[in-house]
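The block underneath contains the structure these notes are about, expressed in structure tokens.
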């Protein structure tokens, strides 16, 4: 799996170099001249050990980096693996089409579902088109249109969160970025169909939450969800953007942190070494958890679904009532 | 030195009172036109500069007392106190920051709420305390806002919220973010009652507060020249690497772009709210 990972992170580089070596030895062995079988198995053991070492004790900042890994599976990768019949639907019918949010109908276990997800690009050109996964109001209004349509047809909604945040630009402000997000929050809270939101990478603040109000909120193991990026927090509170690692610790933003604080419902395990090392396995893990949660929510009526979602978010907050 | 270039000894105005006394003492200085104003006169004028009509900050308690029918305000949820769910610490521990802010302002958190009357009609009402950590929204603010709508639901009366906030409170991390969903969901429920929610945006309203309950008003009013938007101007400038045009994200800009209903001068706010509550209440 050493091949295919563009721009490895610093802390995974030793592992990737070792794997490269193994691949080279394998190639040599295959060419038939010398037999390296015992060497290879030794190195493979070593690689496995190294992987466990690196990934068993990730710092929060390392998890942030993994959540943004340029080889990490994005929304459309999961679509490819899990929803081959996906039919994309474009546009907000108001102003334009925003490719940083993708949505449309698909089939999952024979059932029609609505899929909506943030989409990042894998290279500069793609990222220019996808605006680095940062939606403008049109993106949120498209998502709203599609969610309301799903409700009309009684289809469950699966959302996939992966954004640095809503785009802070002139046009976005002129067209009501804040209003677009706010309306989604309100409308999602009262839809009569099941909603499952999964953070697959970066859960960047309000721009993430705007498609994240679900009956269930799931997170991939190496994803993050935060009120502000560690860099933003560091530059405001520590007056130093390079202290992002410290800010990540202070914000407690990893999937594990949030599960520990009961803010999210379930963690989706990632393949060893992170989702980017095995997209197919990551998709398989996700499908399993989605299937289970969808089956549970299918038991609830429309009113019960609203009630369930309302109570879930109503209960979030930590304060004391004094006396 | 030639005689005509000598500095005149008496012609210059006396140095204005130093900045720290801007909000205290007998005199105040307008932050817009720099005029020195007798404080009593300013307060009588609802903290609007009598020279340039600039709307200076106005405390939440003074605002509520002045906009509601005399002595009609009854505060609720005063006992709600912030916690430190993340054990957050930057240059200062969040706990210490809370303690010193609470002591300095005599408020538990950045929001005051309760019920009162306007034109004799009951309203469920609340206002941000901007001086309290930039009016940032953590769990207490989110809870109090949510209860405004629950109370309005129960009493079947209009809800009014005055917003002035930099957004979500970083120090409470994900819990702050989730207040956006919680408050917006409460509004969704309140919509069934058939009573109006009037959102009044003050200077400044941005971030997670703008992008949740503040922009969900049936009617959205703003004070003149208030800065209102999702992203703060500095963040936008850093992102697009250019200077923002004059007046960008100000109330006047938002009316022009169809994003709010009307700009209301502070002196007319009481009458306008009364009119709305009478028309729809």
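Each residue, glycine too, has its Cβ placed from N, Cα and C.
Matching B:30-52, B:53-75 against TrEMBL, the residues noted as zinc finger span B:30-52. Within 8 Å of the Cβ centroid of the Zn(2+) site, not counting the listed residues B:30, B:33, B:49, B:52, the chain contributes B:31, B:32, B:34, B:35, B:37, B:50, B:51, B:53, B:54.
Listed in sequence order, B:30, B:32, B:33, B:35, B:37, B:42, B:55, B:56 are the same-chain residues at least 6 apart in sequence whose CB falls under 8 Å from the CB of residue B:49 (Zn(2+) binding site). Per DSSP, the secondary structure of the zinc finger (B:30-52) breaks down as 6 helix, 4 strand, 13 coil.
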